[in-house]
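In what follows, a structure is listed as structure tokens, so that the remarks can point back to it.
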Amino acid sequence: MADDKEMPAAVVDGHDQVTGHIISTTIGGKNGEPKQTISYMAERVVGTGSFGIVFQAKCLETGETVAIKKVLQDRRYKNRELQLMRVMDHPNVVCLKHCFFSTTSKDELFLNLVMEYVPESLYRVLKHYSSANQRMPLVYVKLYMYQIFRGLAYIHNVAGVCHRDLKPQNLLVDPLTHQVKICDFGSAKQLVKGEANISYICSRFYRAPELIFGATEYTTSIDIWSAGCVLAELLLGQPLFPGENAVDQLVEIIKVLGTPTREEIRCMNPHYTDFRFPQIKAHPWHKIFHKRMPPEAIDFASRLLQYSPSLRCTALEACAHPFFDELREPNARLPNGRPFPPLFNFKQEVAGSSPELVNKLIPDHIKRQLGLSFLNQSGT
């Protein structure tokens, strides 16, 4: 199918109902090729929210299954999610295939984002394990978290974007290959230093403490906190900080990390001076997880879930953590013996990183393979 991410989006006559309907749209031909008509049969709704709906659809011309996110579009503004998705291209970020606008009988304008279809979410995988009264095997925790951080490294470093709503529902998993893709850029934004942002973003259990403190000049480290919460949830089988409201959310965090110091509060929000918290000691990390939890898993969680945003490791530093060393072993495989999805085909996300970090990220056996391919290319 032709990829028209860069083309202006066509407007088609949509339907008020979704499932069972056929939506036809035209995509522009590239390099002088004729335009193509593409038709989608809407099959079932797979997600709903304040934004609109996501439905599974089949392309009638190719038989390919896609996900279409349909959102109400304000005619006065460009859609930020569309602008961001058009420039992103990474194995751990869901791919935008193309987009079109549709109208309803009430003359409402909807934007339809046509994306690759990934059948499962980390949320549903977690529910599967908890309903079976099981913990997720550690190799899957490592594999999923590594890919999440790799996707974040690309989003943060290359696209310059903060996701701002990282949670298990927005992390898609292919059950056959175990490839993970970050999705839903409806809250995402390119953060500009010195420019204020809203603090009321991110789903509560995964919301960084600086957001609870009302900070407006936060950084991409809010995504690192959210990823730390996801890691803890995969290890525990339940959310680490299950707050019932914004204030209770902070209480849940304090019960684990202890009361933040004045300096930590200043790091989170320099304008927050109302310091009236009960003095609670930090709960040791090793007591939060079960006795057999590997020390590198506990160390990793503690490096992500820090009050001071600047003390949290970056996404690439997270990928290099010893917690993921098992994935870098030469004979590492999925439990069923199949190979892992590609984990080390780094490109833009390592640009500007120190040689030491790149050295840690790329295993020796991969370096040897790359070295051989370079030798072959040079004809020696």
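The backbone N, Cα and C atoms fix where each Cβ goes, glycine too.
Here Swiss-Prot flags Asp165 as active site, proton acceptor. Marked as ATP binding site by Swiss-Prot: Val46, Gly47, Thr48, Gly49, Ser50, Phe51, Gly52, Ile53, Val54, Lys69. Look at Swiss-Prot and you will find 40-324 tagged as domain 'Protein kinase'. The phosphothreonine annotation in Swiss-Prot covers Thr104, Thr220, Thr261, Thr314. What Swiss-Prot lists as phosphoserine is Ser105, Ser187, Ser310, Ser353. Taken from Swiss-Prot, the feature phosphotyrosine applies to Tyr200, supported by experimental evidence.
Each of the recorded positions Val46, Val54, Ser105, Tyr200, Thr261 was ranked by the number of other C-beta atoms within 10 Å, and first place falls to Val54. Nearest Cα neighbour of Val46 (ATP binding site) among the listed modified residues (Thr104, Thr261, Ser310): Thr104. Asp165 (active site, proton acceptor) sits 11 Å from Thr220 (phosphothreonine), taking the Cα positions as reference. The ATP-binding residues named in the record, Val46, Gly47, Thr48, Gly49, Ser50, Phe51, Gly52, Ile53, Val54, Lys69, extend over a maximum Cα to Cα distance of 14 Å. Over the domain 'Protein kinase' (40-324), the average per-residue pLDDT in this prediction is 94.
Around Ser310 (phosphoserine), the same-chain residues six or more apart in sequence whose CB sits under 8 Å from its CB are Ser221, Cys267, listed in sequence order. A distance of 21 Å separates the Cα atom of Ser105 (phosphoserine) from that of Ser50 (ATP binding site). On a Cα basis, Ser50 (ATP binding site) lies 39 Å away from Ser353 (phosphoserine). By the criterion of other Cβ atoms within 10 Å of the residue's own Cβ, the least surrounded of the recorded positions Thr48, Thr104, Ser353 is Thr48. Recorded residues Thr220 (phosphothreonine) and Val54 (ATP binding site) have their alpha carbons 26 Å apart, per Cα-Cα distance.
Ranking the recorded positions Ser50, Thr314 by how many Cβ atoms sit within 10 Å of each one's Cβ puts Thr314 at the top. The Cβ of Gly52 (ATP binding site) has Lys69, Lys70, Val71, Leu72, Phe110 as same-chain neighbours under 8 Å, each 6 or more residues away in sequence. With a 10 A radius on its CB, Thr220 (phosphothreonine) counts 20 other CB atoms from all the protein chains. Of the candidate modified residues, Thr104, Ser187, Tyr200, Thr314, the one lying closest to Ser50 (ATP binding site) when CA atoms are compared is Ser187.
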